[in-house]
Amino acid sequence: MTVDEQVSNYYDMLLKRNAGEPEFHQAVAEVLESLKIVLEKDPHYADYGLIQRLCEPERQLIFRVPWVDDNGQVHVNRGFRVQFNSALGPYKGGLRFHPSVNLGIVKFLGFEQIFKNSLTGLPIGGGKGGSDFDPKGKSELEIMRFCQSFMTELHRHIGEYRDVPAGDIGVGGREIGYLFGHYRRLANQHESGVLTGKGLTWGGSLVRTEATGFGTVYFVQEMIKAEGETLEGKKVIVSGSGNVATYAIQKVQELGAVVVGFSDSSGWVSTPNGVDVAKLREIKEVRRARVSSYADEVEGAEYHTDGSIWDLTADIALPCATQNELDGDNARTLADNGCRFVAEGANMPSTPEAIDVFRERGVLFGPGKAANAGGVATSALEMQQNASRDSWSFEYTDERLHRIMKNIFKSCADTAKEYGHEKNYVVGANIAGFKKVADAMLAQGVI
């Protein structure tokens, strides 16, 4: 049986066993396509059911989360934790609180996390979790009660050497605080390393808040350097206006580029003169208002509800909002308008068709599992500080993050070249991330 037939047969089986999980199917299909190249060259990676084991979570947890609102009404949400692979270290990955969360989305995120964490070079496995709870419109006490109920079940499955969750969409510093506080009460110990994204006074790390956005920019900076260019003077589109987007905007402008647009779920803002990051942070983090407020208050900025942010002309695009936000038509428009570099700050924000268009049109593309690995890398640095009872300076932590992102780019670039797909960073990231995990799995036996 040829490698194509082996992979095709396995993927057909995976579709049947994981029906109704399109995001998970999409993530696996992309990786399997890259792995065909590895299996042709190194067939021993097909031994001992390795591919099947890699695509099957070690453990899937689904649990009810009952909580009481401010009016005394009981609500029941569903909680998830997918502990996907621990060959390299304890499961590591965020918690997402959003109405869209279901098992398929958590599995897709956990599967991507395996390769992302592997690429960091740090000893962490892959996992992901969350709930279909919506924090929007909830009071402080309602969010606290929900977090405490969620942790009442989750606490028995996590630990600094077992599984280390962090934040994600809907789970910020406030939620991490409530989750950690309840874990501490249930466990009767101050186990700092059990969660990352903590407050600075109780075990958190500097740069953690900025890490994903900064890291995405450090990655695209390496992509540009490899072409003999710099960020200076380049025009950049950044979708989103949350944590990742805000700090990507800050860092890319510090390095000399101009951000010409950003967005939220209500619309997008064109900013031909660049973005006032302090004003954006005040609007989104303090007032929690829509991006239309930015256009109302900053001269030269315009708010749009029609068209797409991807209609803007730019050299670089950084999708930092949510999965599948950038489709094939958007990709064609970007390429037509002269965009030459794309790096994903969000998880899987580009559709498979969009990625194909970028490849066909010669647009260099940095996949999320590599480009946005700065967040989990700095989470692992937080774990290191917790383990040594130490606290590092902002400058030192940022320098470590920058070095990790440079190494991730080099690993992707070198691996892509080794397997005959130079500058295809999707292939490079998938294969480089896979080989490290696969070697560990083969060494540890069939478990």
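Using the three backbone atoms N, Cα and C, a Cβ is placed for every residue, glycine included.
Among Gly167, Gly170, Gly172, Gly328, the residue that Swiss-Prot places alongside Lys92, Gln113, Lys116, Ser379 at the substrate binding site is Gly167.
Using a 10 Å radius centred on the Cβ of Lys92 (substrate binding site) and all shown protein chains, the other Cβ atoms total 28. Gln113 (substrate binding site) sits 8 Å from Lys128 (active site, proton donor), taking the Cα positions as reference. Neighbouring residues of the recorded substrate site, listed in sequence order and excluding Lys92, Gln113, Lys116, Gly167, Ser379, comprise Gly93, Gly94, Asn117, Ile124, Gly126, Lys128, Ala166, Thr196, Gly375, Val376 (Cβ within 8 Å of the Cβ centroid).
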